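J.: Following this message is one structure expressed as structure tokens.
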Amino acid sequence: MRRSSATRIALIYPELLGTYGDGGNAIVLEQRLRWRGLPVEVVSVPAGSPVPESCDIYLLGGGEDAPQVLAADGIRQNRAIVRAVGSGAAVLAVCAGYQVIGATFPSGGEIHEGLNLVDIETRRSFAPPETPPPGRAVGDIVVEPDPRLGLPTLYGYENHAGRTRRLPGAGGFPLGVVRRGIGDGDGGTESGGGAGGSGGGGTDGIVDGRVIGTYLHGPVLAQNPALADLLLTWIHGELPPLDAPREAQVLREARRRALATP
Ligand SMILES: NC(=O)CC[C@H](N)C(=O)O
């Protein structure tokens with residue numbers, strides 16, 4: 001399906017969900033459409049305003065625990081994102097955003113309700129109560145995406161305390177397998193040893209229909225332009241080919257070399 005109207009990209013509550021530069025994902029999507037001569041509009045939705053239902057791609061970024069609760073409360077109010085997804089919109093949710101689109105997430109010692117858009121839950125730990133919770137997952141992360149997505153290796157940066165798992169009977173599938181870093185943390189059983197761990201082997205993220213959740217900051221779309229194009233393809237159908245700018249190729253090659261996994 002080729003569209004004639006502008007693609008509307010919603011950047012949700014950037015004051016609350018923008019701690020790690022994830023607003024850059026909107027710039028990448030916008031620019032990759034402009035380079036192709038396709039009309040685009042970025043709709044920045046300030047915290048406290050109702051989320052519009054009429055956008056094509058919704059971006060939710062990362063945030064600290066308290067702002068994350070405020071963001072979840074706002075997003076749950078009109079559930080516009082859920083209806084928009086039902087009408088064909090796509091979602092990219094990163095870290096706090098990833099946790100918020102699930103069923104529940106922790107903050108301030110309590111469990112909070114998410115948007116229930118995907119069948120995941122986040123806890124501080126899934127290990128038995130007598131086991132100390134794992135450390136914060138902080139550092140570089142490398143994910144080998146599910147082959148169904150046809151994407152190259154994904155590079156990013158993670159910084160989160162929560163650990164995430166799929167609920168029984170969950171729809172969709174993990175975004176990929178963690179080669180370096182923690183990601184979801186595999187139900188708290190990761191071998192990487194918490195903060196800065198490099199064990200890998202668990203999974204990161206979810207892909208369910210046109211909804212992608214992931215722990216990868218970066219901004220993730222700047223480091224992984226093929227992921228940006230996957231989202232755009234879901235909205236536009238096939239896109240005119242685009243030679244990645246040289247800077248993007250240089251960045252990816254530098255990440256590949258720096259984060260070479262065994
Ligand atoms: N980087 C983030 O978005 C952090 C998410 C969440 N507050 C956590 O620490 O788990």
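Including glycine, each Cβ sits where the backbone N, Cα and C put it.
TrEMBL does not curate its annotations; it predicts them automatically.
The active site, nucleophile annotation in TrEMBL covers Cys95. TrEMBL lists His217 with the feature active site. Per TrEMBL, the feature substrate binding site maps to Arg136. The compositional bias 'Gly residues' annotation in TrEMBL covers 184-202. The domain 'CobB/CobQ-like glutamine amidotransferase' annotation in TrEMBL covers 8-224. According to TrEMBL, the region 'Disordered' annotation covers 182-202.
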J.: Applying a 10 Å Cβ distance cut-off over all chains shown, what neighbour count does Cys95 (active site, nucleophile) have?
T.: 30
J.: Rank the recorded positions Arg136, His217 by the number of other Cβ atoms within 10 Å of each Cβ and report the first-ranked residue.
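T.: Result of the Cβ crowding comparison: His217.
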J.: What is the average pLDDT across the domain 'CobB/CobQ-like glutamine amidotransferase' (8-224)?
T.: 92
